Amino acid sequence: MTRKIWVFDTTLRDGEQVPGAKLNLYEKLEVANQLKKLGVDIIEAGFPSSSAGDFNAVKEIARKVGKVDDVIITGLARAVKADIDAVYHSVKYAEHPLIHIVLGTSDIHVEKKFGKSKSEIMNIGVDAVKYAKTLLPDVQYSTEDASRSDFEYLWSTIEAVVKAGATIINIPDTVGYAEPEEFGELIFKINDRLKNVNDRVLLSVHCHNDLGMATANTLAAIKNGADKVECTINGIGERAGNAALEEVVMAVNTRRTLYQAFTNINTKEITNTSRLVSSLMGLDVQVNKAITGENAFAHSSGIHQDGLLKSRDAYEIMNPVEVGLDDMELVLTARSGRHAVKNALGKMGLRQLTDPQFEEIFEAFLKLADAKKEIYQHDLYVIAENYFAKHHPYDQDRTQHSRHFYELIDLQVISNFHFPSASVKIKQNEQIFQSSAVGSGPIEALYAAITEIADFDIKLIEYKITSVSRGKDALGKVSIQAEHKGETYSAKATDTDIMKASALAYIHAINLIVVDRLLQVK
Ligand code: KIV
Ligand code: ZN
């Protein structure tokens with residue numbers, strides 16, 4: 001029988017504890033709305049007693065996001081009256097409010113952090129739950145540092161707070177010390193006893209990633225009876241972060257028969273949510289991060305590309321569409337084999353090439369790929385067109401199209417406090433165009449100048465500049481939309497000059513729109 005696993009998202013509380021990731025009220029509301037779209041069951045919107053700003057944000061999320069639908073809104077409280085009051089007075093506006101109380105159970109917390117006896121701490125926890133129950137029916141109790149606690153004391157605490165009225169028991173691996181097999185056993189033992197005391201109480205886990213095992217520990221807990229998991233988007237959170245929601249959810253989805261479980265997450269919203277959280281919090285997602293990393297569904301080895309084109313399941317366990325991406329990406333590099341290049345040419349309508357024709361084009365591809373890091377569709381287009389221009393110069397259908405691509409000839413960017421400005425020289429259709437623009441910053445000015453020359457309405461979706469090769473080269477990354485279509489075009493470029501890398505990435509992305517137009521016309 002498959003069980004529902006409740007998903008509790010703590011991006012706005014544990015995730016927001018990442019230094020520098022603080023969001024303002026409007027940004028928090030935007031994230032909370034997106035989490036609702038994603039289908040999480042519970043949103044932990046903040047720590048209301050920590051500041052007036054946090055209190056207000058939790059209250060606004062409860063009022064605006066928690067007012068309709070099933071989503072539960074909670075906030076964190078220490079086991080003290082003032083904290084519990086702050087949570088109550090902020091979450092009470094939600095249709096389904098929940099008070100979340102945390103108090104340590106390990107000897108380290110009880111003795112060293114609080115300097116109290118175990119029974120004193122247990123009584124504080126029980127009193128906190130009893131008080132919270134006078135305010136709301138739903139109360140979650142977290143036994144902080146549970147994975148390093150003495151088991152019998154941990155269990156006595158759980159039993160006591162359940163008797164006091166706790167409706168959810170959360171077992172945190174606060175410092176990421178647990179190991180999957182051991183954590184699974186702990187959850188099994190607790191679940192066994194808990195369901196005998198009260199089988200309506202949900203058993204939850206909250207794992208940290210200090211040893212890189214947050215997802216593995218969370219999944220081990222699911223296998224051993226946990227009803228609910230606490231996660232964050234992109235795995236952000238205190239220190240090394242929390243269990244990543246997208247990893248736990250996709251593991252449960254992909255290995256459904258193994259876990260005998262499902263979640264209510266709308267997985268098609270995973271990529272949107274990840275990008276929103278990353279851009280608002282200013283936290284880049286590691287490129288090879290499972291599910292949400294830029295390369296998670298990109299294949300670059302020729303052997304893999306060949307296998308995928310023969311049968312996708314050769315190297316693909318999840319369809320990228322399931323997480324909200326368009327499709328898998330076959331990156332064309334010097335390592336790509338014939339099969340991938342043939343496939344890319346086929347997408348451009350060049351399906352009837354003879355073997356000698358293809359071999360000559362492939363050779364030109366390899367030469368360019370050795371010189372450039374990545375080959376774009378417009379590069380391949382130029383290679384194919386050069387081939388036809390050489391062998392069939394009068395075949396107008398196959399030549400003379402690449403003149404529609406834009407080529408950066410020169411640029412000048414001036415950065416100052418008042419009027420950052422940029423001028424560019426761009427070649428297209430054998431003509432040189434010049435344009436200048438001002439902007440609120442040098443990149444805005446640069447992109448405005450380029451956009452003026454390009455023949456489209458362009459909306460910039462994402463821009464990033466990072467250093468590569470120990471800081472010598474800058475890597476510009478751009479995603480744009482041609483407004484009339486809504487499709488996203490992404491491209492990269494490297495150069496030692498950050499302005500040039502930024503301009504080239506933008507122009508590469510524009511050229512992808514040109515290729516699309518050319519292919520539609522054909
Ligand atoms: O890591 C932790 O123990 C927590 C609790 C508040 C659940 O974040
Ligand atoms: Zn935590």
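Just so it is clear, glycine is given a Cβ too, placed from its N, Cα and C backbone atoms.
TrEMBL lists 5-271 with the feature domain 'Pyruvate carboxyltransferase'. The annotation Mn(2+) binding site is assigned in TrEMBL to D14, H206, H208, N242. Sequence annotations record features per position, and here TrEMBL assigns region 'Regulatory domain' to 407-522.
For the binding-site residues H206, H208, the largest tally of other C-beta atoms within 10 A is found at H206.
Within 8 Å of the Cβ centroid of the Mn(2+) site, not counting the listed residues D14, H206, H208, N242, the chain contributes T10, P172, T174, C207, N209, A214, E230, C231, T232, G237, E238, G241, A243. Candidate binding-site residues: D14, H206, N242. Those with a Cβ under 6 Å from ligand 1, in sequence order, are D14, H206. Counting every protein chain shown, the Cβ of D14 (Mn(2+) binding site) has 23 other Cβ atoms within 10 Å. DSSP assignment over the region 'Regulatory domain' (407-522) gives 39 helix, 53 strand, 24 coil.
In the three-state DSSP scheme, H208 (Mn(2+) binding site) falls into the strand class.
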